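What follows is a set of notes on a single structure, which appears directly below.
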Amino acid sequence: MPDFFKELVLTKVLRSAVTYHKTSQNGLTVQVEDVRIRATYSHRKKIPITEGFVEVKDGGKWRQICNEEWSEMNSRVICGMYGFPSEKPFNVRPYKLLAKRRKKNYWGFSVNCTGNESNLSDCKLGKEIQLKGNNTCRRGMPVVISCVPGRAFAPSVSMGFRKAYRMEQPLVRLRGGAMIGEGRVEVLKNGEWGTVCDDNWNIRAATVVCRELGFGSAKEALSGGRMGQGVGSVHMNEVECSGFEKSLTECYFNRESVGCSHEEDAAVRCNVPAMGFNSRLRLGGGRNPYEGRVEVLAERNGSLVWGTVCSDSWGTMEAMVVCRQLGLGFASHAFQETWYWQGDASADSVVMSGVRCSGTELTLDQCLHHGKHVSCLKGSGRFAAGVSCTQTAPDLVLSAQVVEQTTYLEDRPMYALQCAHEERCLSSTADKADPNSFRRLLRFSSQIQNNGLSDFRPRASPHSWIWHECHRHYHSMEVFTHYDLLSLNGTKVAEGHKASFCLEDTHCDEGIQKRYECANFGSQGITVGCWDTYRHDIDCQWIDITDVKPGDYFLQVAINPNYEVAESDYTNNIMKCRSRYDGHRIWTYNCHIGGTLSSDVEDTFPGLLTNQLSHSSLTVSVGLSSSFEMRRFGPLLRSSLLRYVNQLTAQPAAK
């Protein structure tokens, strides 16, 4: 074969059987062993491979397809199989010249796709082609396709364009998926993100989502909350798509249908391009393929060598990127000590350091790092970075409604805050405060639910939990939540962190059994479908605002703020509220979970522009009794909130 026609073969298995079977009265479907795109020399170094000859493997031999009956719909299906949203025109002349010089071995059939198929095996078998040696397909040539990669997979030459122009707000997104190109489908409506009900959810609608997001056709249309449960509204139900819509929002759906819960949230798995990500990264020495010391392929002195990653600053976010790059799901742990995993001895040298990831990168080398100038003071050798991966993860979500409805002020004497003071739950000015003085506390309840697919468990094992004599309980996580009061420009004006008293199942959805209970040194955690409630009258369930001046603020609550435990989605771990403090009372309103609003309105609240409070504003009187003053409510809202507060206060205060 001439040197100028070196070929790179990209192979994808479709079916192991070599048959053509009748699926309906309409005809036969294509069943072949493999399909591949053969890239010419000029395209072989491009990743991903987007252009080349289409070949099928039949009877153990690779064969070309005659393009006399080939259509754009056929190309659309092949591109979708390989993870590309669409096909595009190309210069056919060089391919004609190459085809004349090579020996051809045509497949004996044409293909008839409608364009909606997610795989070539779903297309109908076209008419039979008479094989006449070199005279076969005389009026045509072997099929060639050219595909358009999605923005995330486009060649690096487009990086300048991506940096220069701000991306538009998407209308559809995926959440909760372990792999690239999969997740729960969420759509944007009136500035708020919501989910899609799985009634009538099918592969055609799923493919519209995948192509819209820059992936190929859908591999699976998932139902029943298989990618975890969302929050907020269910925006679409009984979706029907033709398959050629540019966006899921263009598809028909039943606007009158109600009653769909998040247990029915729809999800997708999309075909994604072969980027060769897992060829540049590996795990060494682990007991199974899902764990081990992280080893990367790097260029040193003009050659590619395997080496380790410095564990300085190595954490959950970096481990998440590694597991995703290898196609192993989520990270379950990030290790800074890996001496017990004997990796390849030739890969002991550190070749990557200073790694800092946001968690959204596709590969580890996309994260910030030191480049060729490695600097590793104490994270090498036996302390090289390691990970363990898992297919499922928890997803904690704080109830914004509970926080908004239970916020109030309390003036409490210092002599009653000795334990909380020892726990550093008061502001620094409390260190010099008179024992008979009072601290003003902004109190509220927190209800934290696990919407993920696995239980939330503390990273530390029970033998390392710390006993706190003052509160008579063990702390399983150093810090479980952060409570902050911020100025409108984001500056902290007051803060109060709360180490977890315990993590337990306070309540669970119907049919789910509680697994975790703090009593008697029991196991700690939050089961999937259960929630842990931290009542407003527990010590440290507050922010000390004694030194805060009257004004408008943000109340912010962050769960698992140090990413100590891996979750499928961290964007919903932060809750924000608008707060107005007049020196005597406080109003808390417009509370929302991070990621639930569009980027255009995320930090712009209705009450901020109109200088008016929302209908759910709560006016609170200050005093030792901490009584609620319902001044701005109608009778119905007032009675419902009173019932809610009475329900909370009726429960025992100690966890």
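Cβ coordinates are placed from backbone N, Cα and C, and glycine is handled just like the others.
Worth saying up front: this structure is predicted, and the values here are computed from it rather than measured.
Listed in TrEMBL:
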| type | residues | note |
| --- | --- | --- |
| DISULFID | Cys113-Cys123 | disulfide bond |
| DISULFID | Cys241-Cys251 | disulfide bond |
| DISULFID | Cys357-Cys367 | disulfide bond |
| DOMAIN | 37-148 | domain 'SRCR' |
| DOMAIN | 172-271 | domain 'SRCR' |
| DOMAIN | 281-390 | domain 'SRCR' |
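Sequence features annotated in TrEMBL and their locations in the structure.
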| residue | record | CB count, 10 Å |
| --- | --- | --- |
| Cys113 | disulfide bond | 23 |
| Cys123 | disulfide bond | 20 |
| Cys241 | disulfide bond | 22 |
| Cys251 | disulfide bond | 18 |
| Cys357 | disulfide bond | 22 |
| Cys367 | disulfide bond | 19 |
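With DSSP states grouped into helix (H, G, I), strand (E, B) and coil, the domain 'SRCR' (281-390) comes out at 19 helix, 37 strand, 54 coil.
A Cα-Cα distance of 38 Å separates Cys367 (disulfide bond) from Cys241 (disulfide bond). Helix, strand and coil counts under DSSP for the domain 'SRCR' (37-148) come to 31 helix, 34 strand, 47 coil.
Annotated pair Cys241 (disulfide bond) and Cys123 (disulfide bond), C-alpha to C-alpha distance, rounded: 19 Å. The two recorded residues, Cys357 (disulfide bond) and Cys251 (disulfide bond), show a Cα separation of 36 Å. Between the C-alpha atoms of Cys251 (disulfide bond) and Cys123 (disulfide bond), the distance comes to 23 Å.
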